[in-house]
Amino acid sequence: MAGLSGAARTRSGSPGSSAALPALDGAFLRSPLGGLMGAQAVLGLLVWALIADTTYHLHAAYGWVMFVSIFFWIVTVLFFVTYLLQLQLRFYVIPWPLVLMIFNAVATVLYITAFVTCAAAVQPTSWRQWDYNRRAAASFFAGLTMIAYGVSTFFSFRAWKGFGSNAATSQVTDHT
């Protein structure tokens, strides 16, 4: 629990104690994983909001893009809140660095498929359609989101292997 003072440790709680309120982790927001999670949440929101504002229900390919973007947006926001409030410290038996690495790797792979699907479904000859720009922008932001998850996978792997520890991947090692 690097970076926490004694008062913050007792307030955030240790295993076996009854803590009242979780503490906000400002160091997580400044860490690479924290910044990338914030970027993933914003970019993922842009992807599904842009697609939702089109006639996506008329094109089956956009159903997959909507599923991937909404699902990973929700799970990313949940992980972000979990790490921001240091709730992962209460569930010390879960290997959080490994869970986060697997999540980011799966999100990267599925966002690759969503990006390709979204980009392939944008038809350049349909520039007269009112939703062409939204679909093209959604493809662009899906590509950026895919890259953000890929970079997060790299940092999560490094944290899992122990090459660099930060606030997002710190574990409680003293279970007494």
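Just so it is clear, glycine is given a Cβ too, placed from its N, Cα and C backbone atoms.
The annotation domain 'MARVEL' is assigned in TrEMBL to 28-161. According to TrEMBL, the feature transmembrane segment maps to 33-51, 63-85, 97-122, 137-157.
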So if I exclude everything within five residues of the ends of the transmembrane segment (63-85), which remaining residues of that chain have a CB under 8 angstroms from its CBs? That is, six or more out.
22-25, 28-29, 33-34, 37-38, 40-41, 44-45, 47-48, 51-52, 56-57, 100, 103, 107, 110-111, 113-114, 117-118, 121, 138, 142, 145, 149, 167-168
How does the domain 'MARVEL' (28-161) divide up by DSSP, counting helix, then strand, then coil residues?
113 helix, 0 strand, 21 coil
Could you please provide the mean pLDDT value for the domain 'MARVEL' (28-161)?
91
